[in-house]
């Protein structure tokens with residue numbers, strides 16, 4: 001008699017492989033994304049996004065009033081700078097950062113959050129670098145500002161926004177021209193040359209005039225004779241604490257935004273790492 005038969009299923013091993021008996025344990029992490037940081041960052045960025053929308057709206061409206069939207073070459077024809085361009089640039093930056101921060105926070109998108117955080121860091125260090133360089137190279141900054149102011153004096157009558165900006169600067173600081181009233185000879189309408197037929201020939205803008213309407217014989221009693229560069233240089237030491245306070249406030253807001261973004265990124269990465277096993 002055959003004592004040993006093979007199983008219908010084939011030879012059976014006397015023992016099982018220990019690896020096949022191992023149990024898989026899934027690791028669950030307690031890490032979670034903080035709703036506090038998430039919605040605080042969203043609120044932080046929604047303000048930037050709305051402000052960007054306002055700046056863009058104002059800029060586009062100003063361009064439409066001046067007919068620039070129908071003929072963009074009007075911007076390139078100016079010798080100076082159109083202030084609306086600065087408004088639009090600020091609007092684009094604020095709109096983009098606010099949008100990236102809002103969507104990144106709500107969707108927990110690390111790419112958008114890194115873009116927002118990296119851009120804020122870049123802007124912060126650019127501001128810091130400009131402040132340090134402006135302090136170290138004051139003569140160079142003064143020369144560049146003089147060239148910038150003189151180029152815009154030439155375009156004073158070419159753009160209403162530029163005209164309003166220069167008038168506001170001269171009235172607020174009680175100054176005239178870059179270094180004095182003579183700088184207005186650079187403008188074709190105020191130039192004293194015989195070829196000019198302008199009614200404003202040999203004059204200066206009304207914003208250079210002393211508020212007292214009574215005309216006197218002495219020039220320095222009728223108009224402001226101090227240049228705007230000297231006026232700004234004397235204004236800064238008197239208001240250094242205000243300037244420093246504004247700079248610190250902006251820096252703290254930027255640092256707070258960076259902190260919120262980095263904290264949220266860390267939470268998201270911790271949650272993603274907890275799902276791996």
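Placement of Cβ uses the backbone N, Cα and C atoms for every residue, glycine included.
Automatic prediction, not curation, is the source of TrEMBL annotations.
Using a 10 Å radius centred on the Cβ of residue 175 (disulfide bond) and all shown protein chains, the other Cβ atoms total 25. The disulfide bond feature in TrEMBL is assigned to 175-208 (among others).
Residues or ranges marked as disulfide bond by TrEMBL: 176-192 (among others).
Marked as transmembrane segment by TrEMBL: 46-63 (among others).
The transmembrane segment annotation in TrEMBL covers 84-106 (among others).
Residues or ranges marked as transmembrane segment in TrEMBL: 112-137 (among others).
Look at TrEMBL and you will find 240-261 (among others) tagged as transmembrane segment.
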What's the most sparsely packed of the disulfide-bonded residues 176, 192, 208, counting other C-beta atoms within 10 A?
192
Quick one: find which recorded stretch in 46-63, 84-106, 240-261 has the most Cβ pairs under 8 Å with the transmembrane segment (112-137).
240-261
Can you work out which residues elsewhere in the same chain, 6+ from the ends of the transmembrane segment (84-106), have a Cβ less than 8 Å from its Cβ atoms?
38-39, 41-42, 44-60, 62-63, 66, 68, 75, 112-113, 115-116, 119-120, 161, 257, 261, 264
